Amino acid sequence: MISVLAKHLLTIMSWLNSLKEFFTPDKNPNKVIEVKSEKYSNRNVHCRHDPIILYAVDNNNVSEIVLHLSRAESLTTSYSLYRGSSIEDSEIRFCILKDKLPEILSISKDCYCLSVIQNLCDTLVEHPTWNIAHLVVRLAMLDILSNPNVVMYLNTPDVESGISSLQLAIYDNSLAVVKALIALDVSLDHLDNEANSVFHYAAKSSSDIILVLSKVSTKCLNYRNINGFTPLHLACQADKPECVKELLVCGADVNIPAGVPVTNVTENKLPGIVKEYLQDNHKKLFVEDMKFGGTPLHWSSSREVIDSLIANNCDMNALNFDKRTALHIMVLRNRFDCVMGLLCNGANTNIPDQEGNTPLHLAVKSNLVPVIHALIAFEADIDYINNKGVSSRHIAATNYGPDKISDKIVYILHAVGAKRCPNVALDTECANGCAWDKEYNGLPPQRPISMPVRCIVTAMEELMDERIDINRNHKGGRVLCLDGGGIRGLVLITILLHIENATKVPIIHCFDWLAGTSTGGILALGLACGNGINELDKPLVVHYVNFIGIHNLRKSLHECLCLYFRLKQLVFQGSKPYQSEVLENMLQETLGVNTYMSDIKHPKILVTGLLADRKPVDLHIFRNYTSPSDMINLDHPCDYPPPPPPHEQLAWKAARASGAAPSYFRMFGRFLDGGLISNNPTLDTLTEIEEYNLALYKTNRADEIVDPSLVVSVGTGSIPVTEVKNLDIFKPSSVSDSLRLVFGFSALGLLLIDQATQSDGRVVDRARSLCYKTKTEFFRFCPQLSEDIAMDEKDDIKLVKILWETKVDMVRNNDKVWKLAQLLK
């Protein structure tokens, strides 16, 4: 036992001796040590630059650099700065030390300290091109920073790296030195040799330094370095969330792309300055995502933050370091509300990341059904191929999630037309749900109970299909009718988007008459007038503006889709009836405050409303053309004043009147929702066209008469059939009878509302029969929904699901859509 301990003790002693030998002057040539001056009286001098002398090699073949103090400082003490076995190495070291070390030592007697001299020598060896200002800053020698001999070098950068004294202080995270330098009025505009500004250095240092710098100047806040990175990007890379927040509060532009060389950047985006919003909301950012770069949108964790940042011009489609948009990140984090916030503001759904994955690929991989519904609803490319050569359907088919969720996703994609994998070899083998030679299409949901289709209707549709003449000229008599249905107007938009994609022509150019009720009327006016134009429409802008004769360009269908979701978010707040002012403000913003119905020159617009200031109530049609009665100068034998003519009727007021649904919004003057009298405006539109043609004939304009040649009726979805109980109304004789009576009254009330606002069933049959009789092509699109969606439904998960169901219905009717597209072209 004792022998073992002795061995361990000997080992420890040997290690200590080795360590001691290493730190002796002979073993560590760079260590500064105090020496006696007389020791060198007999040494040969190789180089001299007082007070530093390089002595030639001695008997031990060692050359030595010694700092001799002046007699005023010390008569006996000197400092051995370096001991080298090679005279060439010693000469190099001597050249590094001979100028700057004496100069800085001459400024203050406090520098004659072993530790200070050691630090100075070490720093000069590591950075031989630094000037004395750099040395003072690195050693934080505040007492001599303001010395004239130091001040003269403060704005002189290092010739090798280009770093300035201030940049060095920031790099060292020395706040006190930074403040002292700013007090000495050093330049904040200097860029080093890689075009890094003081804010680039501060981005990786501390938020306190950023704050100090920003109080002096923010000129360089958004400069890019030679790699294309701004200070904000560097703070993200360094995973410095506090620096990121401070840069944003100081006014950093979040829309500058990262990693793009300065010469290749086109400045065509609005600057994204979000400092006003983040002053009080910086805690709402998710700091763990900042290290991946991007914009504050990438780091958001709530829809409120998303909406606010976009309102401050934050670029929705900007990429982070992984080439991912904010939409990619929100999908990865499964933040459905944030996904909807981005989609409703127009985020691009088809931008791939560095692996070629779109947000849909990521949503499918994570089995996020509501997100998948949302992306499909907003026109995501379901067949996009990533860098591995696989589609979203392939990922779903090979994912094998719990509870057959992957099988359900396969069907979700298949039902809207997702293609199978092609007959080529892939790195990953295909499964039954995606292989080109298989037939499995996933697990469909349970089908809802729907109204039975009468056989005679089917026979009539078949006969109408047989006599469709694709080559017939239908221009002049093409009619589009849009039903009412509250927020289910989203269904209308989705159907029209599908038709528009088939025709490759903006839907507004495809029709000569456009009629709508309630939400359909609002959509009709949104398509006919507003501010904005789809990218697809840009080649037609000049012709388009001349054609419609108004300065404000129409809303695209995609803009309307986003607008409806935002309208729902803003308007359906609190309890019913909702605040009408919010709706009215949005209508004015969308349609224009001073846009009159007569300003819309094409197509002819009909928007229905209910005049409820009399009994019986009466239908009123808001038009952008002279009414048939006025064309033939018919008197109006009525004690009630007529509504304004088209040239006096504001478009937003017509939309507001048509959408004044009882219990949801207050009456608009004497108007209630047009859906109470004409929820499906097809028959009223055909009647109006017939009366208009009669008026043309009466006014000797028979050559302008064009009969309807094509009618497209679009519904907001058919609700599933459900059982109705306790509809009987009777005199109660017991408590239980009284309860049944209450339920009976409730059921009867719902029945009466359904009948008053009926837009499907027999209403459609009558319109179809009339068109069949007049040999007019008739198309009806109204998808079967899986549940009854309220007019003011707020749940986005339910809404995107019915939009997916709408797309499924349109895909099932692709033949019908193709025929319609040929007639509309």
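Along the chain as shown, the residues are counted starting at 1.
Including glycine, each Cβ sits where the backbone N, Cα and C put it.
For the domain 'PNPLA' (480-686), the predicted model reports an average pLDDT of 83. What TrEMBL records for 480-686 is domain 'PNPLA'.
Under the heading motif 'GXGXXG', TrEMBL lists 484-489. Taken residue by residue, the motif 'GXGXXG' (484-489) breaks down under DSSP into 4 helix, 0 strand, 2 coil.
TrEMBL lists 516-520 with the feature motif 'GXSXG'. For the motif 'GXSXG' (516-520), same-chain residues at least 6 beyond its ends with a Cβ under 8 Å from one of its own Cβ atoms are 481-489, 492, 606-608, 658-659, 661, 673-675, 678-681, 714, 716.
The active site, nucleophile annotation in TrEMBL covers S518. Taking a C-beta cut-off of under 8 angstroms and a sequence separation of 6 or more, S518 (active site, nucleophile) has the following same-chain neighbours: G484, G485, G486, T608, S658, G659, A661, D673, G674, G675, N679.
Summarising the environment of D673 (active site, proton acceptor), the number of other Cβ atoms within 10 Å of its Cβ, over all protein chains shown, is 30. D673 (active site, proton acceptor) falls within a strand when secondary structure is assigned with DSSP. As annotated by TrEMBL, active site, proton acceptor applies to D673.
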**Item:** Sequence-remote partners of the motif 'GXGXXG' (484-489) [C-beta within less than 8 Å, at least six residues beyond its ends]
**Value:** 516-523, 564, 568, 572, 661, 664, 673-675, 679, 715-717, 757, 759, 789-793, 799, 802
**Prompt:** For the motif 'GXSXG' (516-520), what are the DSSP-based totals of helix, strand and coil residues?
**Reply:** 2 helix, 2 strand, 1 coil
